[in-house]
Amino acid sequence: MPSGALLFQSVILGLLLGGLYALLAAGLTLYFGIMRVVMIAHSAFLILAAYLAWWSHTELGIDPLLSMLVTVPLFFGCGVLLQRLLLARLRPVTLTMMSVLLTFAIAVVIEGLLGYVFSGTQRRIQLGYGSASLELFGARIAVVKLIAFGLAGVALAALYLVMKKTTFGWALRATIQHRDAAKLVGIDTDRVAGFGFGLGLATAAIGGTALSLDTTIYPSLHWHWIGPLMAIIVVGGLGSVPGAAAAAMVLGLAQSLLQIELGTTWAQTVFYLALFLTLAVRPQGFFGGRLAQRF
Amino acid sequence: MPSVSERSTKIAATVALTAFAAVALAFPELAPNPYILSVGIVVLNYAVLSTSWNFVGGFTGYISLGHGALAGLGAYGTGLLITKGGLPSFVALGVGAVLVAVVAIPIGYAALRVRGASFVIVSIALVLVTLLVFQSWASFTGGSRGLNVPRPFPGMLRPEHHRVFFYLFLALLALAALVWWLIDRSRFGLGLKAIREDEDKAETLGTPTFAYKLVVFVVSAFFTGLAGGLYALWFGDLDPIFQFSILTGSYMVLMALLGGVRNLFGPLVGALIVGSALEYFKVEFGNTPLHLVATGVLLALVVLFMPDGVLPALGALLRRLSPTTDTSIREVTAAELAATGGDRQHAESRNL
């Protein structure tokens, strides 16, 4: 039986990790809501942002957090272009399947280009405050993990406010709920859908920067993220942001606790186990609404 | 009565098929060296895999990116049954493929209850989880050190070994294609295609959609497992990284899509193009990450500009060159039907 302090530390680390999962899953949920698209390339963009943060730190010597000033607008633009130029061209009838292949292709291209430009070597940012940590009831929490969680929390809160309080957020939610009806009341749904994709990809930029602070990165790392993230959105119920956030917290916590007994690799299987069980027992997920039942 | 254009398409298909069969049967004699022969085997293996994939992808329109994992399970199943179970090679191959089919039942049960998106997610998760398990469970699978599969014909020299396996893969391809053709003509196949065109309507009209999808997924898994197992017997050395690679699954999709998923020989044509290109790329550029970029770009181009594949494009060309321009309603997507439905109804009522 692990000691109380170790258990407590695992709980904290699990919650911190869950915060990052929640932010990234929110992005995936957004794409799914807008276009019924399972965006495989989401985590590839995540790793791309982490590489850009690492590059700006080692080559330009600036703090990785400042790289967000460039990557967030850049990724927002990429998201808009991706939706307007590529995904909107696909036939509506086969959109769900073909968009998976298209975003898969984008993920593979990003992985290949990262490997070509930065080589397959594992990279890690060396920060002045990288080894600093806080003591809390016997648990040691690295400061960078707190910063990553803070970033994810602020980004999620901002996303929530945009969705609930702004006119654009209303238009976006209307588009998600019923595209034709939204068009009827005068919303330019194509434009809104493009911006929605931009928002989703911006979460990948923030998540990637947070990830780069304390993780060793390499080009094929995105496969380790897309699996858990997809499991989270299915368990939460496709299309439900609160569901994704809750599932992210629960599964992040479960992964962190299982690591004590099983080690890091086997603990990852908890995501896939949850995915299979959810689909077998409750295919619409645990928080899914009308949308999830059909997909 | 078949129209002129239909007949010319049919003649073209027969000529192409006969030519392919003749070249394929003579290939081991024509191949200048064992390396070229082994490339031929790799391409044939791809053809079998993507034809097996096409049972699900072509008939139901459900796209699986995880068939690489099923092939890997077939390979490891066969290998482990020989090394740990002590079974004779070809018995192990059969048992291994049946085991893959059995494993596919619960996977299909979880993946197929809802529509496409969950199926894709499960298929990708399948690759990731099998890679994780087969790398971590080293005491049973050999882990990252790999697994050596004893050769089925111990005394045989390498060129002769290649020759035998070339014909074995060819026979497997013929078998898979035959079963695909039989399903295509059956009532079962009609139900599957109804699912592809409009699952809600198919269900309303009484097609047992879930059962049909599950059965065809298991059949597909069986053939994929056979192909993987045969590869294990031929190659003799398995590594989880390559056996449970997401790329294998995406190659299958790319090949089938490029050739044309609605055609029996679409995946074969795609495998000939993509498989040869992959081997050429490997020789010219080695193992750089650029082959990922090439695969991704090609897949994106096919999805964006040629989602119906090469063969339908060729067929359309033939039809345009022939005198009459009547079309059959049978192989038209719901979207095309919606777009041109009005005109066609007029044309058909006039023909009546």
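All positions are counted from 1 along the displayed chain.
A Cβ is built for glycine as well, from the same backbone N, Cα and C atoms used for every other residue.
Annotated transmembrane segment per TrEMBL: A:6-30 (among others), in sequence order.
According to TrEMBL, the transmembrane segment annotation covers A:37-54 (among others).
With a cut-off of 8 Å between Cβ atoms, the residues of this chain six or more beyond the transmembrane segment (A:66-87) that come close are 34-35, 37, 45, 49, 52-53, 56-57, 95, 99, 102, 106, 190, 193-202, 204-206, 208-209. Per TrEMBL, the feature transmembrane segment maps to A:66-87 (among others).
Residues annotated as transmembrane segment in TrEMBL: A:99-119 (among others).
Taken from TrEMBL, the feature transmembrane segment applies to A:139-163 (among others).
Sequence-remote contacts of a segment are chain residues at least 6 beyond its ends whose Cβ falls under 8 Å from one of its Cβ atoms, and for the transmembrane segment (A:192-213) they are 20, 23-24, 26-28, 30-31, 33-35, 39, 42-43, 45-54, 64-65, 67-68, 71-72, 74-80, 82-84, 87-88, 125, 127, 130, 144-145, 147-149, 151-152, 155, 159, 162, 168, 171-172, 175-176, 182. Summarising the annotation, TrEMBL assigns transmembrane segment to A:192-213 (among others).
According to TrEMBL, the feature transmembrane segment maps to A:225-251 (among others).
Non-local neighbours of the transmembrane segment (A:263-281) in the same chain are 224, 227-228, 230-232, 234-235, 247, 251, 254-256; each lies 6+ residues outside the stretch with a CB under 8 Å from one of its CB atoms. Taken from TrEMBL, the feature transmembrane segment applies to A:263-281 (among others).
Distant neighbours of the transmembrane segment (A:225-251): 15, 18-19, 21-22, 24-26, 28-30, 32-33, 38, 40, 42-44, 46-47, 107, 156, 163, 176, 268, 270-272, 274-275, 278-279, 284-289, 291-292, 295; these residues of the same chain sit at least 6 beyond its ends, with a Cβ under 8 Å from one of its Cβ atoms.
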